[in-house]
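Enquirer: Dumping what TrEMBL says about this protein:
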- 30-50: transmembrane segment (TRANSMEM)
- 62-85: transmembrane segment (TRANSMEM)
- 106-128: transmembrane segment (TRANSMEM)
- 148-166: transmembrane segment (TRANSMEM)
- 178-206: transmembrane segment (TRANSMEM)
- 212-231: transmembrane segment (TRANSMEM)
- 252-273: transmembrane segment (TRANSMEM)
- 293-315: transmembrane segment (TRANSMEM)
- 327-350: transmembrane segment (TRANSMEM)
- 362-384: transmembrane segment (TRANSMEM)
- 396-418: transmembrane segment (TRANSMEM)
- 430-448: transmembrane segment (TRANSMEM)
Amino acid sequence: MANDERAGGMASDVVKVTGTPPERSVNRRILALAIPTFGQLIAEPAFALIDTAVVGHVGDSALAGLSVGSTIVLTVAGLCVFLAYGTTSRVARLMGAGKRREGLEAGISGLWLALTIGIVVSVALFVFARPICMWMGANGGALDDAVAYLRAVVFGLPGMLLVYAANGIFRGLAKVTITLVAAIAGAVLNTILDVTLILGCGWGVFGSGVGTLIAQWFMAVVLIGPALLWAHQEGASLRPRVRSMKASMGDGLMLFVRTLALRACLMATVMLAARMGVLVLAAYQVVNSTWNFVLNMLDAIGIAGQSLVAVEIGAKRPQQALRMTKAAGRAGLVAGIVIGVGLIVLGMIAPPLFSASEPVRMLITVGMVVVGATLPLSGWMWAIDGILIGAGDYRYLAVTCIITACIYLPCLAGIGVLCNGSAVPGTVRMAALWAAVTLLFIGIRAMFNGLRVRDKTASIEAGQ
């Protein structure tokens, strides 16, 4: 039965990309998946970056409000990233085992789960937008702008979660080119809408939220159509299946806990930036948007490795899975070096694109230099993180991320105490914030991931 199913159309596509054909190296196979995957990953950060560039010319208060509002949206979307990661691993493993129809049905269940979660969370965020933004540290005009943005953009969240789940299907099937097309189209549409609504219509941050909402649903439609068509052609059920949705939730629970711990760290960092003043918060928003964009370049390598490793595990080829792991780690490190150098250069020349304020420009430069100098570590860590997700090591990732948060948050509080007071220059505050993120937050996770890979490597090489 497995051999018959492997002879099918989509299964053969997976074998082409994820088998071990002699004419293609592991690095080329990773790259073949990583480049289109990057297209999907940059969608939400690209929207935030485009919004930041346009809103930055409205005023510092609007930019600070966007920082808070977009952080909330990105946090919620990030907490739901298990919809993509979990679906990718499930679909890829089932495809590797020759179970094509079951893999597609697992993906459809992910779509239904995404829609359900998106609707519930959107309503809650709309109702409680103001208290949440206040809790994040926004006040005055920045608070009003944050609430306006959040309430405008929030009903695009179901669309974005559907995009996450749909991309999990495409990654598992190794059909990722369509994700690149959808991301490019969404970014172009979002840019046009931003310029039209923010500057042309004078809607400010509210216009930014409306533009992002429309772009998110546009991407969802572009991706869901082909996913449903392929599933129907292969005989997979398109109806919501409660048992399968529960299984998706079970797989995603540990990933949710992992992401919750990580997002708590990042939200605490934004809250500290807000308490350091409007200028620091505005500059932090620019660097943070750029950082999220860049990290998705690195994450694309990890997700490519995740897809390939999951298929090899499903096909019971541990030695090949180990080979994928080592190649992905090297690729992440090299990418971190190259992109890091580019980010440092960008920090020297690009700040005028994001703000007309000279103090904010200086703070942007400081933040980007710190991030660029430490990006090789981030590149390696992100690649290995994706590999561990592909291997289904969810519990370990959840536990170690909780430990990371328990170490990072007190250290961040200490930085807040040391940087308190007008005597501490804004440049020092900015450097301290990003050093904490890139050395503590990333470094601790890199240590735990490295230990896990070492143990798994030893087990495989010992034949266990």
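Cβ from N, Cα, C; glycine included.
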Enquirer: Going along the chain, which residues at least six beyond the ends of the transmembrane segment (430-448) come within the CB cut-off of under 8 Å?
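Expert: Distal contacts: 265-266, 269, 272-273, 276, 280, 283-284, 287, 291, 363, 366-367, 370-371, 374-375, 377-378, 380-381, 384-385, 400-401, 403-404, 407-408, 411-412, 415, 418-419.
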Enquirer: For the transmembrane segment (362-384), give me same-chain residues lying six or more residues beyond its boundaries with a C-beta closer than 8 angstroms to one of its C-beta atoms, as numbers and ranges.
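Expert: 279-280, 283-284, 286-287, 290-291, 294-295, 298-299, 301-302, 305, 325, 328-329, 331-337, 339-344, 346-348, 350-351, 354-355, 426-427, 430-431, 433-435, 437-439, 442-443, 445-446, 449-450, 453.
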Enquirer: Against the transmembrane segment (148-166), which of these stretches has the most C-beta pairs under 8 Å: 178-206, 252-273, 293-315, 396-418?
Expert: 178-206
Enquirer: Given the cut-off of 8 Å on Cβ pairs that are 6 or more apart in sequence, determine whether the transmembrane segment (106-128) and the transmembrane segment (178-206) share at least 3 such pairs.
Expert: no
Enquirer: So what's near the transmembrane segment (212-231) in sequence-distant terms, Cβ-Cβ under 8 Å and 6+ beyond its ends?
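Expert: Same-chain contacts beyond the ends: 10, 43, 47, 51, 104-105, 107-108, 111, 152-160, 162-163, 166-167, 169-170, 173, 178-179, 181-183, 185-187, 189-190, 193, 238.
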Enquirer: Near the transmembrane segment (396-418), which same-chain residues lie under 8 Å Cβ to Cβ, leaving out any that are not at least 6 residues past its ends?
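Expert: Sequence-remote neighbours of the transmembrane segment (396-418) are 254-255, 257-259, 261-262, 264-265, 268-269, 272, 275, 385, 388-389, 424, 432-433, 436, 440-441, 444-445, 448-449, 452.
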Enquirer: Near the transmembrane segment (293-315), which same-chain residues lie under 8 Å Cβ to Cβ, leaving out any that are not at least 6 residues past its ends?
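Expert: Same-chain contacts beyond the flanks: 14, 18, 29-35, 37-38, 41-42, 45-46, 49, 85, 88-89, 92-97, 171-172, 174, 321, 324-325, 327-328, 331-332, 335-336, 339, 343, 371, 375, 378-379, 382-387, 389-392.
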Enquirer: Please tell me whether the transmembrane segment (178-206) and the transmembrane segment (252-273) touch - that is, whether there are at least 3 C-beta pairs under 8 Å between them, with each pair 6 or more apart in sequence.
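Expert: Touching, no - the transmembrane segment (178-206) and the transmembrane segment (252-273) miss the threshold of 3 or more Cβ pairs under 8 Å.
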Enquirer: What residues in the same chain, six or more past the boundaries of the transmembrane segment (252-273), come closer than 8 Å to it by Cβ-Cβ distance?
Expert: 67-68, 71, 75, 78-83, 85-86, 136-137, 280-281, 284, 288, 389, 394-395, 397-398, 401-402, 404-405, 408-409, 412, 415-416, 433, 436-437, 441
